[in-house]
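Here is the structure we will look at.
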Amino acid sequence: AEHQHTRYNPLRDDWVLVSAHRVKRPWQGQLEKPPPEDVPRWDPNNPLCPGATRVNGEVNPQYEGTFVFPNDFPALQPDAPEPGDSDHPLFRAAAARGVCKVMCFHPWSDLTLPLMSLAEIRAVIDAWAELAAELGASYPWVQIFENKGAMMGCSNPHPHCQVWASSFLPNEARLEDRTQRQHLSQHGMPMLLEYAEQEARRKERLVVENADWLVVVPYWATWPYQTLLLPRRHVCRLQDLHEGERDSLASIMQRLLIKYDNLFEVSFPYSMGWHGAPTGPYLEEDCGHWQLHAHYYPPLLRSATIRKFMVGYEMLAQAQRDLTPEQAAERLRSLPEVHYKQRTK
């Protein structure tokens, strides 16, 4: 807790520098603006709202639950042409095809996941699993991710996520595929299944848990309040979860996200995403080395207005964090599980 050291991340096969004393340094740098508290519940000019007209002229239905539609500005398209042949090994290109979807969690713009009911969160989980199975029938990788808050580049406050399916395995997927495959080969047990069992026993980085899931600040965490959401049993893909696990997932997600919001009493920004076994042609292969998991990467460090910047040493050498994962976990663990907006005044 007092002395700098490095920690190994077996999932990414890299290291992070832990310098816990740096959180005490004076701060005269950039201060972020807290997210607005007065987001209108419905705005006809917001293209994600029910009944609103999007930029392509399409009118959203009057949806009452989740709503999925093609991204109007997709990063991947299914009919992209093949790039030309390279004339040198240092100048290579490869085909990149896919589809991009947007999923609205709820018809109300002022309602984020931690403020939604368990039934509403469960509906989001079911929609995630349905999309993962549908797109995964043909695409090797389906990336479900949520950027929450303007600080994380979110362009619209309406509660939503994105789903990108690609004809290739992205960098992080290829890396996690390799490290998990190696761990199973060397140790005879899926890496993250073994890791979940270890963290459940040790407790020092545990944030919340229930019968089917646990959330920890990983031993190798890079971001200040980064967490890892893990199932207790061996599950390869989101669509493989049974009914009870989906209910308990809704519960543990709500508990975690309430703690996040309660940390600085602000709608907590983060980027999160699910990682599971590849799909498409990989459905016919043995992917037992994979374990389903979700990453949460929040940027805030000291308060609602002071964030962690990944610059300088982090960009040119290796990741560095300003408090230990154990300190972060203890702080999150001790927070109440009643949302600060719903407490009795």
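Each position is counted from 1, following the chain as shown.
The backbone N, Cα and C atoms fix where each Cβ goes, and this holds for glycine too.
Predicted automatically and left uncurated, TrEMBL annotations should be read as such.
Features reported for this protein in TrEMBL:
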DOMAIN    3-170  domain 'Galactose-1-phosphate uridyl transferase N-terminal'
BINDING   22-25, Val55, 71-72, Asn147, 153-155, Gln162, 308-309, 313-314, Gln320  UDP-alpha-D-glucose binding site
ACT_SITE  His160  active site, tele-UMP-histidine intermediate
BINDING   Glu176, His275, His293, His295  Fe cation binding site
DOMAIN    177-343  domain 'Galactose-1-phosphate uridyl transferase C-terminal'
TODO: Spatially speaking, which of the recorded positions His160, Glu176, His275, His293, His295 is closest to Cys154 (UDP-alpha-D-glucose binding site)? Use C-alpha to C-alpha, please.
DONE: His160
Open item on the list: What is the set of residues, excluding Glu176, His275, His293, His295, whose C-beta falls within 8 angstroms of the centroid of the C-beta atoms at the Fe cation site?
Closed with: Leu11, Glu172, Leu192, Leu228, Gly273, Trp274, Gly276, Ala294
Task: Number of other Cβ atoms within 10 Å of the Cβ of Glu176 (Fe cation binding site) across all protein chains - done: 24
Task: Under 8 Å by Cβ from Lys308 (UDP-alpha-D-glucose binding site), same chain, sequence gap 6 or more - done: Trp223, Pro224, Pro299, Leu300, Leu301, Arg321, Asp322
- [ ] Which residue among the recorded positions Asp72, His160, His295 has the fewest other Cβ atoms within 10 Å of its Cβ, if you could check?
- [x] Asp72
TODO: Specify the count of other C-beta atoms within 10 Å of the C-beta of His275 (Fe cation binding site).
DONE: 23
Task: His295 (Fe cation binding site) versus recorded positions Asp72, His160, Glu314 - nearest by Cα - done: His160
TODO: With His275 (Fe cation binding site) as the reference Cα, tell me which of the recorded positions Asp72, His160, Glu314 is the closest one.
DONE: His160
- [ ] Quick one: among the binding-site residues Cys154, His293, Glu314, which has the most Cβ atoms sitting within 10 Å of its own Cβ?
- [x] His293
